[in-house]
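According to TrEMBL, the protein carries these features:
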COMPBIAS  343-356  compositional bias 'Low complexity'
DOMAIN    43-302  domain 'G-protein coupled receptors family 1 profile'
REGION    339-373  region 'Disordered'
TRANSMEM  28-52  transmembrane segment
TRANSMEM  64-89  transmembrane segment
TRANSMEM  109-135  transmembrane segment
TRANSMEM  155-173  transmembrane segment
TRANSMEM  198-227  transmembrane segment
TRANSMEM  247-266  transmembrane segment
TRANSMEM  286-305  transmembrane segment
Amino acid sequence: TAMSGNITVTLGLSAVNSSNTTRTRVELSVIVSIISMTVGILSNSLALFILVKAYRRFKLKSKASFLLFATGLVVTDFLGHLINGSIVLHVYCLHKEWERFDPQKVLCGFFGASMVFFGLCPLLLGSVMAVERCVGVTMPIFHSTKVTSRHMKKLMAVIWLSAMLVALLPIVAGKPYEVQKSGSWCFFKMGKSDWLDVFFPMLFSVLGLLSLAVSILCNTVTGVTLIRSKMKNQGHRKGTSHHFEMICQLLAIMLVSCICWGPFLVNVIIGSTQTQDDRSYERMLLAVRMATWNQILDPWVYILLRKAVLKKLFLITKECCGHKVISIYKWNCSSIKGSMKDSSISSRPDFSVSSSVRKSTPNTVTHCSAPCT
């Protein structure tokens, strides 16, 4: 009797400890979700303010189309954080008891479609932004005459509609989204059941990986073109600094997307063609958590990688590293300051055409003989 009592007490303590551990994990997950949601919304709001302000200033220039897509990307990330984050908090508050609060699986279907839509949109927008910049750098005349804001707005609407179509396909085809094993999110039905269960996640992953591949290709072409133009001393025309600013932002967006979305897209392909086990579900959960960081990091690219910030970084690098980076600094600083020099001179009261002609030769010699400071 005493032994059975000890066993009962031990089992009771074990159950209490297990319950406390589970409750602690749930509370920690809720806190992390709240922090992630708050940081994401604030970051995207700040980036949206910066982009809208820049779009108004460059509304009639070649940078306008890039800023339009960047604004669409930030708005998409903002809505993704707001909608998906709210659903996750709602699920945790109801202790992930889907059978009780969502017996018809309406919320799960909406959650799964939101995951697909807000996951695919940033990838597609990033690839289109890379293509737009590649055309703007390699074919500037075609870009300035044929690529208008009206066309870009239509293309952005097509991207959103395409992502929405992919997100709604499982529901229309009678293959609704299902709650994943962790109980905190909904997605495609993983594992081999029939060809539709394999097709939908494969379509999502292939489109995402194809977008990343297009971004890498176009950004490489754009970067090489800018470097070759600079080496041939053809990059001193006005507006070159904006090209370098945009290519820095695109490279950062591409890097963030590859790191955050790459593992998840690969895991979706593997999970759709193989039988899932506990280890596979854990990898998928870790991968989807990494993917959510894409919406947090995207806006900081536009907050930090601006022309004014890049200029300060070059100055700090020069002061820290001295003459070792002087040639690199000259190469970039001349692009950043070259487009600003004309506007600063023309705004002076004593400026005239003859004075600009007389001063053109000394300015050229100064830029060639010493680094800009």
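Every residue gets a Cβ built from N, Cα and C, even glycine.
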Contact between the transmembrane segment (198-227) and the transmembrane segment (109-135) (3 or more Cβ pairs under 8 Å, separation 6+): yes
Residue numbers, six or more beyond the limits of the transmembrane segment (109-135), whose CB comes under 8 Å of its CB atoms: 65-66, 69-70, 72-73, 76-77, 79-80, 83-84, 87, 142-143, 147, 152, 155-156, 159-160, 162-164, 166-168, 170-171, 176-178, 185-188, 204, 207-208, 210-212, 214-215, 218-219, 221-222, 243, 246-247, 250, 253-254, 257, 261, 264, 291, 294-295, 298
Recorded stretch, among 64-89, 247-266, 286-305, maximising Cβ pairs under 8 Å relative to the transmembrane segment (155-173): 64-89
